[in-house]
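According to Swiss-Prot:
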BINDING   Ala126, Glu127, Thr128, Gly129, Ser130, Gly131, Lys132, Thr133  ATP binding site
DOMAIN    113-375  domain 'Helicase ATP-binding'
DOMAIN    407-568  domain 'Helicase C-terminal'
REGION    288-317  region 'Disordered'
MOTIF     82-110  motif 'Q motif'
MOTIF     249-252  motif 'DEAD box'
Amino acid sequence: MALHHLRHAPLALRLARLPRLAPSPPPPAARLLLLLAPSQHPAPPWRLLSRPRALATAAAEADDAGAGGNGDGDGFFSEESTSWESLGVSDRLASALHGAGLARPSLVQAACIPHVLTTNDVIVAAETGSGKTHGYLVPLIEKLCSKSISAEDGNSQDVTSGSPNIALVLCPNVMLCEQVVRMANSLVDESGEPLKSAAAVCGPKGWPTVRPDILVATPAALLNYLFDYDPEKRRRERFLRNVKFIVFDEADMLLCGSFENQVIRLIHMLRFDEKLLSRMEDSGKEISLGDTNEYREDSDSQSAELSADDEENEDGLVQHRPVNVENAHIGAHKKDWRRVRKVYRRSKQYVFVAATLPQSGKKTAGGVLKRMFPNAVWVSGAYLHRHNPRLERRWIEVTADTQVSALLDAVKYGLKNEVHDTKLGPNRTMVFTNTVDAANSVSDILQRVGVPCILYHRDSSLEERAKNLQSFRENGGVLVCTDAAARGLDVPNVSHVIQAEFAACAVDFLHRVGRTARAGQSGIVTSLYTEANRDLVRAVRQAEELAQPVEKAFSRKRSFRNKLKKQALHKSTALLS
């Protein structure tokens, strides 16, 4: 369904028979000015999400209590007897969580926090909206609070020196980095200061002048910093040594496409530092990167020059290539202790978090993690890759003549009072398309019938996207977007998701529908599809009814397509011969 062709269609004829939708009331003028005008004294970043999140949590707790409050079935929260303190969280941090509107851990948080509090590597694969971000932030902050700063220069403001305890969180894009920073800084003490400070290094943001406890970065930005002019590698060495906890948020994206080589390379560097530290402790001698000839500086420096565009690119510009984890950064001409010694004393913890983590095949993200971290603890959500029972599904087959009216009817349906819980604030509807052109076309259609909407796609500037996303969070309305808004972004209380064009793959489908029914709430997903998608939709619905992974439906479609292609090729070959 190529919606961008609608720009050249006689819209007036199609829309003449449709009732004009009443526009949403505009926000108060004072509030609008506050959103659009640059502030000289911006409010603390944690206040942006505190109110919507508190509303969402309260509503979910009420629903959970009405269902028995035992955490069973389709409940979001853990059992009533499970508290933050019972998971190993200190009273101080538990108080900060209560202050942020998080009175009780979710099922996923209750499952993963005790494991992350240990020294084990952990892989958290759980459905969207299950509380994964706080699932790793809470134990990281707990560890950082409990660790005493023993280094002599612990009061230094240089991010590469001082405390030997830094948590590193890697995210695929700028918006997700800033979101994680907001969520970390929302956990404050009695004075209103964050328990542990977090800062982002991504996009236009340079390296922080004041050392944070939690550094959130895109792989490209981090590599560019580590490989700046540093002849003795001291900056890189100090940073790698100080990082004790590493989180890979949206791990499935970070381990494929344009991010794969960058992330694997960072893992090599961190593991190499672990081996150096292990050898130093065994020998009792100081060993640095500058003392190891096997660490190949030149090739690393050349491949470290990455553009800022890489942070926003998800289309796989860097080709896949096999990587030997154990032998990274080792000269091919030497076989020293690092090449033959596979057992070494661990000094870092790795945590991988994802809402979609396919494991079928060695090249999938799940397959890569199984090989690289065979001893990691896996924590899986109850509805990973499966239908969320809190979702109301609506499936509508459309043609070129009915797709516009079906889209407008879907938008109208989500605006009904009986569909949207007004206690959760303004109505929020997300309309997904497959391309930027289609998003622009849908926006034009909605504007022509009097429905204000906000655009969010990759052709918009980073500043425009940030402003539009904040407006959507604060004021609600209709957000017309591509899959750039499908992953990672936490917008509380989205009541309705509309697929104006059906998703092309299982990952996109799961992330789209995961924008609603988050944090224990209910939600609606309306999927418009054409005859070309009919078999795929039938397979998806069957998988949901049988509580099977949705990804298999898309795999069957791909296998069927490949089979048809092979048959067509054989026929062409036979005709030519």
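Placed from the backbone N, Cα and C atoms, the Cβ positions cover glycine too.
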Coarse DSSP state, helix versus strand versus coil, of Ala126 (ATP binding site): coil
Env. residues of ATP site, Cβ within 8 Å of mean position of Ala126, Glu127, Thr128, Gly129, Ser130, Gly131, Lys132, Thr133 Cβ: Ser106, Val108, Gly135, Ala355, Gly381, Arg518
Proximal but sequence-remote residues of the same chain as Ser130 (ATP binding site) (Cβ under 8 Å, at least 6 apart): Phe76, Ser106, Leu107, Val108, Ala355, Gly381, Tyr383
The motif 'DEAD box' (249-252) - residue tally per DSSP class, helix then strand then coil: 2 helix, 1 strand, 1 coil
PLDDT averaged over every residue in the motif 'Q motif' (82-110): 96
Composition by DSSP (helix, strand, coil) of residues within the motif 'Q motif' (82-110): 16 helix, 1 strand, 12 coil
Assigned conformation of Gly131 (ATP binding site) - DSSP reduced to three states: coil
